[in-house]
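Structure first, commentary second.
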């Protein structure tokens with residue numbers, strides 16, 4: 001038993017040594033195996049990545065091929081599709097095409113270039129003729145005598161007489177007959193007094209006389225409207241109307257901003273109300289005018305700049321372009337043959353028409369909008385699209401809206417209500433317009449030849465002819481020709497008569 005235990009211990013140690021040696025031997029082998037295993041995993045990962053990349057590139061290539069085929073099919077379909085369809089040419093009336101802005105710009109460029117040539121020829125022939133001092137002399141013969149300005153100040157007397165008369169009528173101090181008689185006398189003197197002064201006072205120049213008579217004519221039309229509207233208010237009062245809270249002339253409602261109050265008759269018979277109407281850019285009186293919310297300074301300054309710019313341009317072109325042509329035309333017509341007279345008429349037509357267009361923009365757009373903005377006057381429709389007129393009647397109804405509204409409200413419709421026909425009423429309106437055209441031309445020139453009167457009355461048969469035989473673009477062309485040729489023809493007639501009266505008599 002004692003011998004057996006050491007042998008067993010020795011065996012046990014030997015086994016532990018062998019196990020330790022085996023563990024020592026297996027440890028490096030395990031490390032190599034782990035390294036090989038990691039390299040294999042890395043290889044597998046790289047192989048998988050490459051495989052994925054290859055699959056992705058194959059997928060991209062396949063998609064590209066598919067897109068190329070689809071694009072090719074679309075290209076072939078597009079090439080095989082019909083390139084024609086039923087449609088009209090743009091310049092045909094049936095096409096409905098209306099955007100000719102490029103053509104309009106081309107016309108403007110050609111107009112500028114052609115007139116630049118004429119202006120250059122004028123400058124080379126006559127030199128610079130623009131003289132601001134000469135403009136002042138057109139208004140004043142004597143720097144210490146201002147008859148035109150004095151006449152404009154005197155017009156306040158007629159305004160105050162009309163206001164006083166209406167106040168007396170509202171209180172019942174004047175009967176309707178007496179009030180009508182006072183108004184008629186006041187307006188008759190208003191029409192004849194300035195004409196007599198212009199004709200009899202030598203210091204009143206032609207331009208100053210035109211300004212005075214134009215001012216008095218505007219005041220006359222305003223006072224006539226003022227008389228009518230207040231008379232209609234009294235008629236409503238006698239019919240036991242409770243209030244007159246809006247305008248009689250316009251049935252539509254107006255917008256009044258906060259702080260604005262509506263005026264009822266006879267609360268409108270004040271100096272403030274009267275002079276607001278006198279300075280407002282309208283000829284038709286209302287108790288409550290539409291008002292804008294505020295004065296827009298940027299808009300006001302733009303209109304002021306346009307007024308100043310076009311004033312200088314009109315004066316400069318008149319001195320440099322119009323006056324030399326008029327002076328060269330100052331010869332009796334009997335001394336000229338038909339071709340010479342036609343040549344002078346055409347030479348006068350272009351500058352006269354351009355100046356008329358500039359005057360239209362200066363007065364009806366710049367000046368009236370400036371006044372309306374300053375007074376916060378809401379109705380800014382001073383003109384419509386008269387340039388698209390296809391009839392003479394449409395032109396006269398839309399190029400001067402304030403005058404058209406006055407004629408329609410205070411002259412044309414009252415004639416219809418009294419039983420007159422439309423033809424007679426229209427003829428009466430043209431007759432009234434012809435009278436004032438002749439009044440504003442003949443009196444300042446101090447000669448009566450009725451060319452302006454006959455020119456206006458000739459609009460009646462022209463309106464009938466254009467409306468009956470010409471339509472669309474042909475009618476519009478006829479209207480433009482009448483504007484371009486008619487005005488310089490009347491100017492040429494007055495120039496001829498002015499030459500005969502003044503220069504031939506001085507020569508004799």
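Backbone N, Cα and C atoms are what each Cβ position is placed from, and that goes for glycine too.
TrEMBL labels come from automatic prediction, so no person has curated them.
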Range annotated as transmembrane segment in TrEMBL, from 78-99, 144-165, 232-253, 254-275: 144-165
27-51, 52-76, 177-201, 277-301 - the range that TrEMBL marks as transmembrane segment: 177-201
Residues near residue 437 (active site) in space but at least six apart in sequence (CB under 8 A): 452, 453, 455, 456
Of 103-124, 207-224, 448-470, whichever stretch has the most CB pairs under 8 A to the transmembrane segment (144-165): 207-224
Of 207-224, 304-326, 419-436, 448-470, 477-495, whichever stretch has the most CB pairs under 8 A to the transmembrane segment (103-124): 304-326
Chain residues in Cβ proximity to the transmembrane segment (207-224) (below 8 Å; excluding those fewer than six residues from its ends, i.e. six or more beyond): 138-140, 147-148, 151-152, 155, 158-159, 162, 183, 186-187, 190-191, 193-195, 197-198, 277-278, 283, 285, 403, 406, 410, 436, 439-441, 443-444
Best-contacting stretch, by C-beta pairs under 8 Å, relative to the transmembrane segment (419-436) and drawn from 304-326, 448-470, 477-495: 448-470
